[in-house]
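The structure under discussion appears below in the form of structure tokens.
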Amino acid sequence: MPAARVEYVAPWWVAWLHSVPHLGLRLQPVDSTFNPRDESYRESLLFLGLVAAICLGLNLVILATYVVCVCCCRQDEAVQTKRRDSCCVTWTAVVAGLICCAAVGVGFYGNSETNDGVYQLIYSLDNANHTFSGIDELVSGTTQKMKVDLEQHLARLSEIFAARGDYIQTLKFVQQMAANILVQLSGLPVWREVTTELTELADQTGYVEYYRWLSYLLLFILDLVICLVSCLGLARRSRCLLVSTLCCAALGLFLSWTSLAADSAAAVGTGDFCSDPDTFLLNITEGQVRTEVTRYYLYCGQSGSSPFQQALTVFQRSLTTMQSQVASLLQFAVPVFPTAEKDLLGIQLLLNSSESGLHQLTAMLDCRGLHKDYLDALNGICYDGIEGLLYLALFSLLAALAFSTMICAGPRAWKHFTTRDRDYDDIDSDDPFNPQARRMAAHNPPRGQLRSFCSYSSGLGSQTSLQPPAQTISNAPVSEYMNQAMLFGGNPRYENVPLIGRGSPPPTYSPSMRATYLSVADEHLRHYGNDFPA
């Protein structure tokens, strides 16, 4: 008695995916029954991809509108506003990075689950293929033994027992039993075409799955690289990296919506199959395998007795009868015809090997082995496979959200960089404390080394021995410049631009220079107190 069937129970997401509206390209309803050979059904899956493309278009329109609004509106130049914008850009980048990392984590899990489910399907297909190939080999091997090997032995024995009519009748009876076995074997299904199709299906599935897994792996790496470039661009305040980030984010946004379209169509199609896989297999095997045979393997233990039971029973009875007749000939005919012993022993060995093949054939034709492979394939594709596709769809949505956030933060970061550079431009370009002047000085070193006032530590007496360089035009007021010259004994400063009134910190003085500076300043303040208000 075959064991009761282990029931296949579809997970909840299969019913949810199967209930998704199926619409054609002309928005007409389409039957949701899984039928990839139907053009209208394929159009309904393509329509899901078009929906994702429309969502991509809307996303780009919203982002473009936001970018135009940010670029066109005037930004408040107040310090608090600049600080607030800087914090906003920073936190937006942090949130986008966290979302991107979470998306990649979800994607890795979904990619692994889908890969596990697909390879479980391939493994089950290989097992079923091995079983079908074994059945064909056993049937063809037994047929070869009964048609060729047994006939050769019987022909030689007929010559040996030509004078004994009773022995000839026994040989004819054995030959008749062999013919019955051949008739029963010819009634068994031939799985050669099924084996070829399963092999092709397994190879194509493995080929597609390998490149699908590799493509998603590269997409995850690309997303992480985009996040890294974004962080570097904000940390280094580099416009070049910022532009590269925006371009890569736009590419990542496009790829995210594309992957969402593929995942959605694949998940819905697989959900339609998993909602009623038995009906699909009955329809697709019609004309290749008898319906009762297909039902026997799909509904193991629920479709009554095995369709091969009668053939196997006749095979067993005929084989047992043949063995008893050959044993009788060995017992009574060999003493009279010693030359017949070799052929009779050959027939006995052939029948014993056929009996062993019968037991193997009975085990292979039993529904439990193939039905287990069928359930394993369903569990792989309908549980792990679809679950992985849903996680990959979630990854696509999170990645699209992260890239949209990056694109939204890009214009504000650009304006923040521009405002910062403009603040540097407002400071005198010769100010040694201006970071921009430092960068310019690094690329354009001075032609000659000028001694600064700050380097004097020996007193004012050494100033007269120095020849000052040509003075450049200063942006400072003339009166302020002359007052500073008077403070230092009427000698002009040896700096291109005075430090006073530019918002820059004073230089570091040596102890002797600081005492000289304070004494001269006090003397002139007494004479020109009104000219130098505090």
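First residue shown is number 1, and so on along the chain.
From the backbone N, Cα and C atoms, a Cβ is placed for every residue, glycine too.
Annotated features, as they stand in TrEMBL:
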type	residues	note
TRANSMEM	45-68	transmembrane segment
TRANSMEM	88-109	transmembrane segment
TRANSMEM	213-234	transmembrane segment
TRANSMEM	241-260	transmembrane segment
TRANSMEM	389-410	transmembrane segment
If you count Cβ pairs under 8 Å, which stretch among 88-109, 213-234, 241-260, 389-410 touches the transmembrane segment (45-68) the most?
241-260
Check the transmembrane segment (88-109) against the transmembrane segment (241-260) for contact, please; criterion is three or more CB pairs under 8 Å, pairs 6 or more apart in sequence.
no
Mind checking which residues of the chain, 6+ beyond the ends of the transmembrane segment (389-410), have their Cβ under 8 Å from one of its Cβ atoms?
13, 59, 63, 66-67, 89, 92-93, 95-97, 99-100, 102-104, 106-107, 109-111, 113-114, 216, 223, 226-227, 230, 242, 245-246, 249-250, 252-253, 256-257, 259-260, 263-264, 266-267, 270
